[in-house]
């Protein structure tokens, strides 16, 4: 295909045959009628250029001069018009998804945050109830830990179905389905039936929690100021996780059977069913403008193909000339291939394992720290409040530390710093044989553990992954992370059976060390943006 641009030589000679003089004039010499005529003339030239078949030749000097004059007139007219207009407030970008655009988003944010409270309540409760579950069923650490492995299987199931759930059910029905499955799980556990049935209910609950968690993370990650709303969401999880052990400990100390605690879980999730049904009504339609995942912020060489064109010599009328290559974007792949693309992307797997170890460490210490204090620090039943201190610290970290860290240090540096300090605090908990100091150190560790999840989601959605696969990748990552929160507490229980519950602390340190190693392996997108087009040194890639 050949392209022409502008006027060819024969046309320009005809235009310049009368003396070959280019007309010139000043804006001040023209009446308003003449200005309108010139502006319309420029517009007509632009329209013809747009409609003309895309054929390029080198324009003559006269043609360039004429186009330059017309461009100057158009620019002067625009400046004159702007000078007469009053200054206006900048108009917000209607293309941004905010808490008020669409208008129901504010209620959707509130709805998913309330769900997060119920989710945190559900996850933190078993830690305080664990010794009482063992006594109730007369089982050991290994058997009681099956509730976590069952939960993990539920999360893994969702990971394999990640690309099919929302397209099949839609946003509202996906969230409703997840909440209903959780409600069924809590109803079974509330019955206090055979342990095998209770363990199976945790599988159902794992599926329900994973579905809603994935959808909520994806929804919030698309909002403007995403780190703010993600911190609210994960902070709400911490609120539920803080209160849950307090209530659970109080109930069992008052002689109430452990399984009646799940009546509260069931009530909270029933409310969530109504909440998401109302808040996400019509979500598939009004969030559709932000659901185009085919665009990419990080195009690579595979996103382009070459068109071979011919540069036409302006000294002849034939179409012979030198060949030129133009790069053009490939059409986006079909949505069915996004799962395969996400699975092939190394960042998907690095973050998935980062979350696996991160949430594994988080839930393990929150679930087993009370048993450790009872066995090795001579604590009494009131030590259940230490678990609340941990989850309370995690809540404060997510609500009040995430945003300042992101603004001052950036996601990469913040995660490296707080993770290193967290390891030091848990090491002190292990080495200093005192219940009070253990409670303080664990609570401070919770403060520093808190921000990491929100910082990770922010980093992933702001450059680590192409936008077109972010939804699928986040689903896989979320499922892996939640699986870690189920698998590693089981591993701790398994090892504790022979070695003792002190193993929770070295296991935590090992898992958190792995998160630092993986985080270092990830691309430093913040540095890349600051040094666009330049190579990074080894230090810049790290820090």
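Just so you know, glycine gets a Cβ as well, placed from its N, Cα and C.
Taken verbatim from TrEMBL:
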type: REGION; residues: 1-32; note: region 'Disordered'
type: TRANSMEM; residues: 105-121; note: transmembrane segment
type: TRANSMEM; residues: 141-162; note: transmembrane segment
type: TRANSMEM; residues: 174-192; note: transmembrane segment
type: TRANSMEM; residues: 198-220; note: transmembrane segment
type: TRANSMEM; residues: 232-254; note: transmembrane segment
type: TRANSMEM; residues: 260-280; note: transmembrane segment
type: REGION; residues: 311-337; note: region 'Disordered'
type: TRANSMEM; residues: 347-370; note: transmembrane segment
type: TRANSMEM; residues: 382-401; note: transmembrane segment
type: TRANSMEM; residues: 413-432; note: transmembrane segment
type: TRANSMEM; residues: 438-459; note: transmembrane segment
type: TRANSMEM; residues: 471-495; note: transmembrane segment
type: TRANSMEM; residues: 501-522; note: transmembrane segment
Exercise. Which residues, given as numbers and ranges, are at least 6 beyond the ends of the transmembrane segment (105-121) yet have a Cβ under 8 Å from it?
Worked result: 97-99, 179, 182, 209, 212-213, 216, 219-220, 223, 229, 232-234, 236-244, 264-265, 268-269, 271-272, 275-276, 278-280, 283, 391
For this session: Determine which residues of the chain contact the transmembrane segment (260-280) at the Cβ level, with the cut-off under 8 Å and only residues 6 or more beyond its ends counted.
Result: 104, 107-108, 110-112, 114-115, 117-118, 121-122, 125, 129, 171-172, 175-176, 179-180, 182-183, 186-187, 189-190, 212, 247-248, 251-252
Problem set entry | Criterion met for the transmembrane segment (347-370) and the transmembrane segment (438-459) (at least three Cβ pairs under 8 Å) | yes
Exercise. If you count Cβ pairs under 8 Å, which stretch among 198-220, 382-401, 438-459, 501-522 touches the transmembrane segment (141-162) the most?
Worked result: 198-220
Problem set entry | Any contact, the transmembrane segment (198-220) to the transmembrane segment (471-495), with at least 3 Cβ pairs under 8 A | yes
Exercise. So what's near the transmembrane segment (382-401) in sequence-distant terms, Cβ-Cβ under 8 Å and 6+ beyond its ends?
Worked result: 120, 124, 127-128, 231-232, 234-235, 237-239, 241-246, 248-249, 253, 362, 365-367, 369-370, 373-374, 435, 438-439, 442-451, 453-454
